[in-house]
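Chemist: If you look up Swiss-Prot, you'll see SER23, SER58, SER185, SER350, SER376, SER410, SER450 marked as phosphoserine. The compositional bias 'Polar residues' annotation in Swiss-Prot covers 49-59, 141-153. The feature compositional bias 'Low complexity' is assigned by Swiss-Prot to 155-166. Here Swiss-Prot flags 184-257 as domain 'PAS 1'. Annotated S-4a-FMN cysteine per Swiss-Prot: CYS234, CYS512, in sequence order. Swiss-Prot lists 258-312 with the feature domain 'PAC 1'. Sequence annotations record features per position, and here Swiss-Prot assigns domain 'PAS 2' to 462-535.
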Amino acid sequence: MEPTEKPSTKPSSRTLPRDTRGSLEVFNPSTQLTRPDNPVFRPEPPAWQNLSDPRGTSPQPRPQQEPAPSNPVRSDQEIAVTTSWMALKDPSPETISKKTITAEKPQKSAVAAEQRAAEWGLVLKTDTKTGKPQGVGVRNSGGTENDPNGKKTTSQRNSQNSCRSSGEMSDGDVPGGRSGIPRVSEDLKDALSTFQQTFVVSDATKPDYPIMYASAGFFNMTGYTSKEVVGRNCRFLQGSGTDADELAKIRETLAAGNNYCGRILNYKKDGTSFWNLLTIAPIKDESGKVLKFIGMQVEVSKHTEGAKEKALRPNGLPESLIRYDARQKDMATNSVTELVEAVKRPRALSESTNLHPFMTKSESDELPKKPARRMSENVVPSGRRNSGGGRRNSMQRINEIPEKKSRKSSLSFMGIKKKSESLDESIDDGFIEYGEEDDEISDRDERPESVDDKVRQKEMRKGIDLATTLERIEKNFVITDPRLPDNPIIFASDSFLELTEYSREEILGRNCRFLQGPETDLTTVKKIRNAIDNQTEVTVQLINYTKSGKKFWNIFHLQPMRDQKGEVQYFIGVQLDGSKHVEPVRNVIEETAVKEGEDLVKKTAVNIDEAVRELPDANMTPEDLWANHSKVVHCKPHRKDSPPWIAIQKVLESGEPIGLKHFKPVKPLGSGDTGSVHLVELVGTDQLFAMKAMDKAVMLNRNKVHRARAEREILDLLDHPFLPALYASFQTKTHICLITDYYPGGELFMLLDRQPRKVLKEDAVRFYAAQVVVALEYLHCQGIIYRDLKPENVLIQGNGDISLSDFDLSCLTSCKPQLLIPSIDEKKKKKQQKSQQTPIFMAEPMRASNSFVGTEEYIAPEIISGAGHTSAVDWWALGILMYEMLYGYTPFRGKTRQKTFTNVLQKDLKFPASIPASLQVKQLIFRLLQRDPKKRLGCFEGANEVKQHSFFKGINWALIRCTNPPELETPIFSGEAENGEKVVDPELEDLQTNVF
């Protein structure tokens, strides 16, 4: 029987002093106290040990350990002592008498403690007066790390503020049995136990990377006990079906100390196989030595294609319409970053969530309260897990309303708020604040300074593509392809999997007849077959069966989807469970329920029809997918006399199609998930261009084909001074390439970073924002929703003007330009009869989208909530961009993606008083950042509504190109030679060698 914890009931015999307000003197105890009952950083031993803390006396003999990495020289006052949050071995189970703890520690204990701290990449912090240990911090150049408030942070753990974690379980089962295996500390266990992810922590300094810690979820998922896990390598999960090639990749990753994310077939203790999405992340010290590995597992058997991943259609394209592995890897990579941060800084979790752990009621009552704060902002969530809840898993959905009972699925696939859940779009008075930026938690989120936060910042600035509109339709439906034998399923929604209990691997490539059973009416089935043969739609009710044999009444609607020629591409099958509305006597669904259900499934089918048209036809050949990239690009009217076009025209006049051989690599400009951008020179000229090269295989595997095709189509439409021109596009055997303008000024993001305070003055913000407004106006007029406005995508031209770039996340729809006649009051009519009223030009994209794309910090609320979005998302992003130019950071940024999304939906907009800004610019940003898109500036009259705001007073919109750029503290071109020594890009040379 596993022992249980027994909290101590013996009260303390000594009373701690209190200050003038009656608060406990915790941080400054009286000098009369020789020592506290529970010394700082000395947690009580777990109840399962039933012995005193041996570290209160001379240290016990320990087995010889591997040498720890060398540490920088510390000051004399930084005395190394063993702290409670290091990886410690089990003390020998013998009775040890308690002795008075003094400041003096044996040298061996000090050396051992410092070694253990070094293995975690940490340093010990001591009190400058007494030399007593005061905490452990991340190693930095200064050698110490203090609390932002100038105080030494302390934390004390007792039996009252924690519960039994999986780490305690694992350690309890091996009491000293594996003395050679270091165990994670109590504080680290406490931090890790707050996460709901399934993961293990392995020791990279030991041979074979033994497991030091396993979460409770790992034991539940695999069926193994802690005694069978701790101290072993994870290979016990492997079996006959585990891919050897994938295992070789994992071994190479571990040897190199790199990250890994992949799906492998593993086996539980009872022999059951399951698909495991494994993400490995290394924990390194400041010298780059790998100390630990975190291995996060997610069982994805329900949603993955599994063995069907490599299944191909006769045309060579994947059998599945969507590649789900790419979706799952994106979410897993983001989720594991939280675990990495917890292992690197175990205390950071409790410090960030429990801002005032020792505050008494009397103290909290005296704190000034903000009248405009929301109730949700006044509550600091607990960082420790308790019976009532816990830290939110980053892969769970965001909910503004109380959550319903979670589904049994092991993976919440979307990881976001469902469309069906209500979103409070009202703007209350507390949404905007003009006070001091004194929220410590917010300040930590908004201004990260540590190395880890900088890594997180780099990740959060990348564009994300989490789901297409099709994937976000949360109804029970499948899509089949009648052009293939037996009309197989090529797409199944997550909701359909939940309803039928089948996994995606089990149904892809199969006909829907597997839902039939003993009581399924064959006459009704014949109606469906006739509709398929005749390519017509039909709506029926029939009994179907789940995988477990449970029957349900299905209101089923079949609808063909036709292409522009009128030929059937797909069949859409929508199911609705009507079992709750069955009349017991007649054993049929109630008539009113049937009518409502039929209307719902038909409406859903229409939405699916529109959504699936965003994707390329699955019956295309791979050559057809990239055919547009081989077309000749024709010159646009406003660019025909420019030097770049004249140079391109000379090549075209020779009759030879432009290809990779016409360009010479100069240097790389950047890289992303699907490709890279290079500076190239047209051979035989001095004309420079930017070439974007995208890997075809990566585009297919990451569901990016339709994005790349849309970007090529969008670039071919553009003819505007604040947007790039497309000069050529071509393909090689492995890549597709786009040739566009090169802008020597670089990114607005880097321009901001070069400024002394990382911000721009208000006149500069006005200049760049005005040009962005004009560029967005043109895009919207062309029916383009940009969807990825951020400083990285605002490039600076040679003359100082801006140009938007990167349209792979943009949406191309239709647009209907309108002329709006302003309404005039009757009293003013007579006065204005002589002057003709100027009509307002408005052109906004007509069709809404619901795909989950954008950049984390710039995504609008309606994208997160799944309510569907229009071009209003670009005006939201403009508000975020202006805020970042003014203050140097975005207003809703969080330490995790989930926190950022929560902030976007809930957090108040605040303008810090540390940087002066006019009322006009604050009002403009506030109106652009309305959570309800119907109330957002630009919704009614488009760009004209934004132009008319008082912040832009004095802007001559017709002659905006003639406006001189503002003077900056650090100029755009700082005198460095633009055409310096040219560096040949090996990657592009290799690409050139493999030209088609």
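Cβ coordinates are placed from backbone N, Cα and C, and glycine is handled just like the others.
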Chemist: Pop the Cα-Cα gap between CYS234 (S-4a-FMN cysteine) and CYS512 (S-4a-FMN cysteine) into the table, whole Å please.
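Modeler: Their Cα atoms are separated by 39 Å.
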Chemist: Residues with Cβ closer than 8 Å to the Cβ of CYS234 (S-4a-FMN cysteine), same chain and 6+ apart in sequence?
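Modeler: VAL200, SER202, ILE211, GLY295 - these are the non-local Cβ neighbours of CYS234 (S-4a-FMN cysteine), listed in sequence order.
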Chemist: Using a 10 Å radius around its CB, how many other CB atoms surround CYS512 (S-4a-FMN cysteine)?
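Modeler: Looking across every protein chain shown, the total is 21.
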Chemist: In the domain 'PAS 1' (184-257), how many residues does DSSP call helix, how many strand, and how many coil?
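Modeler: So the counts come to 35 helix, 10 strand, 29 coil.
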Chemist: When DSSP states are grouped into helix, strand and coil, how many residues of the domain 'PAS 2' (462-535) land in each?
Modeler: 28 helix, 14 strand, 32 coil
Chemist: Within the domain 'PAC 1' (258-312), count helix residues (DSSP H, G, I), strand residues (E, B) and coil residues, in that order.
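Modeler: Per DSSP, the residues of the domain 'PAC 1' (258-312) fall into 5 helix, 31 strand, 19 coil.
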